[in-house]
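Some notes on the structure that comes next.
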Amino acid sequence: MSNIIVNILIIVHAVAAIFMAWPFYALILTGERSKLEPPFNIADDLQENIIRAQSYRCLVYQISLLISGITIIILKTDGELLQTLQTNLRILAKVLLVVLLVCMNIYMVFYLQERIDKNIRLFPENPRVAPLIAKYRGRRRWMAAVCLWYVLMAVILGVQAWVSFGQNFIIVSAVIAALFVLRAYQRLSPFGWL
């Protein structure tokens, strides 16, 4: 019975990780919008609605990933969570990355997005808020890039929990992931990896 529960949790864990692909698409969406100038219109409303809704969903996926991951560790180590985190730095790093993801998303959902929405509502009466909107959107875009790197690293470290490729592999993978994120941040990726 315990193996069935662990297997179900692994599936939930993997699906939650897949659904956290949002930071890449957030970079694409915000990159496309940054090509346009004010005034703010229905396209802005649509974009903000998509980002707001998906950020909430992503937060649920991140929390699911954290809970399922910790539960898997507890079940596979007979309750030795702290000892496992102390002795397996890769798992500790992954847990910390997911905690950082949750914290960043909470900041984006409950602080940054609120500021963007408020200033967009103010824009028709006060066009001087446009630079403030651009500033908050720029910060959100940068945070989406950081979140994307965290997600990629969490996946790389998650694989390491099952199959060890060595420290050099992790370092090279981290650099490649960072270069990909930087490229996605600086310009749109019309053909995925290319």
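Please read every residue number as a count from 1 along the shown chain.
The backbone N, Cα and C atoms fix where each Cβ goes, and this holds for glycine too.
Copied from TrEMBL, the annotated features are:
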type: TRANSMEM; residues: 6-28; note: transmembrane segment
type: TRANSMEM; residues: 58-75; note: transmembrane segment
type: TRANSMEM; residues: 95-112; note: transmembrane segment
type: TRANSMEM; residues: 142-163; note: transmembrane segment
type: TRANSMEM; residues: 169-185; note: transmembrane segment
Sequence-remote contacts (6 or more beyond its ends) of the transmembrane segment (169-185), Cβ cut-off under 8 Å? 24, 27-28, 90, 141-142, 145, 148-149, 152-153, 156-157, 160, 193
In the same chain, who gets a Cβ under 8 Å from the transmembrane segment (95-112) while lying at least 6 residues past its ends? 20, 52, 55-56, 58-59, 62-63, 65-66, 69-70, 85, 136, 139-140, 143, 146-147, 150-151, 153-154, 157
Other parts of the chain folded back onto the transmembrane segment (142-163), taken as Cβ under 8 Å at six or more residues beyond its ends: 13, 17, 20-21, 23-24, 26-27, 30, 65, 69, 88, 90-91, 93-94, 97-98, 100-101, 104-105, 107-108, 112, 170, 173-174, 177-178, 180-182, 184-185
